[in-house]
């Protein structure tokens, strides 16, 4: 019997889509206008909520999956899906900051609850091993909103010179450029096609046994006889020696998910689902891993952000509290809540201080780890395997390999970065 050919018009994926149509997760054609139609899980959840019955966690997950699948915007050749995690910062941040500027007590409550909510959401997504654009959206929107408040409320007072405004604007642009560079490929290890018999550079690096000791450092410097100085023949010979001499080590370096042998200091990211060269950690602020290829850009983005943020905070406090120093005005500024403009500026200053303090902590940890040539992933592994001992009240940890790693009171969880 001849196979029945399916008509092209009967397949929704082959039919041309208008700007408001899309193919849903079930493979069926749907329309943006029907986003609230035919949702049994949502109807069941509302019925149980109205009747004061508990909603099952599985039902809540199905409702969120349905909402995230139907939340789309019209676009050419089909509606585009919008990640639901980018919406809360765009809506909640301006509302919270403006409410916090009404009164000093409201400001204290809101500014205290914001980091708590961010940490709760981080550990929730970290436990479920899910990617999220929440923190990237929060960071970018915070930069834009702080700059907007500075232009609308601080600059019109006439105390900010054009050169100071230009310097602050240049700092903001440099932050965005550094973040764009840090968001690029951190050094992913790709599994070559099975039909390709040629040995790629990543394969040769994986096959090199001496790469266990000689790896590329943070500044890109390598010792003599490193990976880039070896020939393919040396790498293939080293592979045979590795397979014959230390099968246990090969088993430890083998990644079953990526189907490749990891080079020295490479790790598999469970969130990104791929191995990364010299992986430091998975940073939620850029929604990507920090590895061999983007570590420099990540440090550069942190340093520029700290300088620009401190400079913007100093300019704002010098404008709304003219008769006091910057440090004194941060804690004592009489009459700052007399006008809504100065109150909003002061609230944004304290929000920026909280964000800057968190980034300064991450920056300090990164600098100390780099100075001892260790990665955050190696620190967490030493703690998890209990091969290190804490020194100086937990501020420093000896990993057991004559390498000191700063901890600054960290536990076994990955830091919020």
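Including glycine, each Cβ sits where the backbone N, Cα and C put it.
Checked against TrEMBL, the range among 208-244, 245-281, 282-318, 319-355 recorded as region 'Disordered' is 208-244.
Note on TrEMBL: of 163-180, 181-198, 379-396, the range annotated with the feature transmembrane segment is 163-180. Here TrEMBL gives transmembrane segment for one range in the set 45-64, 105-124: that range is 105-124. Listed by sequence, the residues of this chain that lie at least six past the ends of the transmembrane segment (297-317) yet keep a Cβ under 8 A from its Cβ atoms are 146, 150, 154, 160, 164, 167-168, 171-172, 174-175, 178-179, 181-182, 184, 283, 286, 290, 326, 329-330, 333, 345, 348-349, 352-353, 355-356, 359-360, 362-363, 366-367, 370.
Proximity of distant same-chain residues to the transmembrane segment (105-124), defined by a Cβ-Cβ separation under 8 Å and at least 6 residues beyond the stretch ends, is recorded for 96-97, 99, 132, 134-135, 138, 284, 347, 350-351, 354, 358, 413, 416. Contact between the transmembrane segment (163-180) and the transmembrane segment (349-370) is not supported: fewer than 3 Cβ pairs lie under 8 Å, counting only residues 6 or more apart in sequence. Long-range contacts of the transmembrane segment (133-151) within its own chain (CB-CB distance under 8 A, at least 6 residues past either end) are made by residues 83, 85-90, 93-94, 97, 118, 121-122, 125, 168-169, 172, 175-176, 179, 284-287, 312, 315-316, 344-345, 348, 351-352, 355. Across the domain 'Palmitoyltransferase DHHC' (251-380), DSSP helix (H, G, I), strand (E, B) and coil residues number 72 helix, 16 strand, 42 coil.
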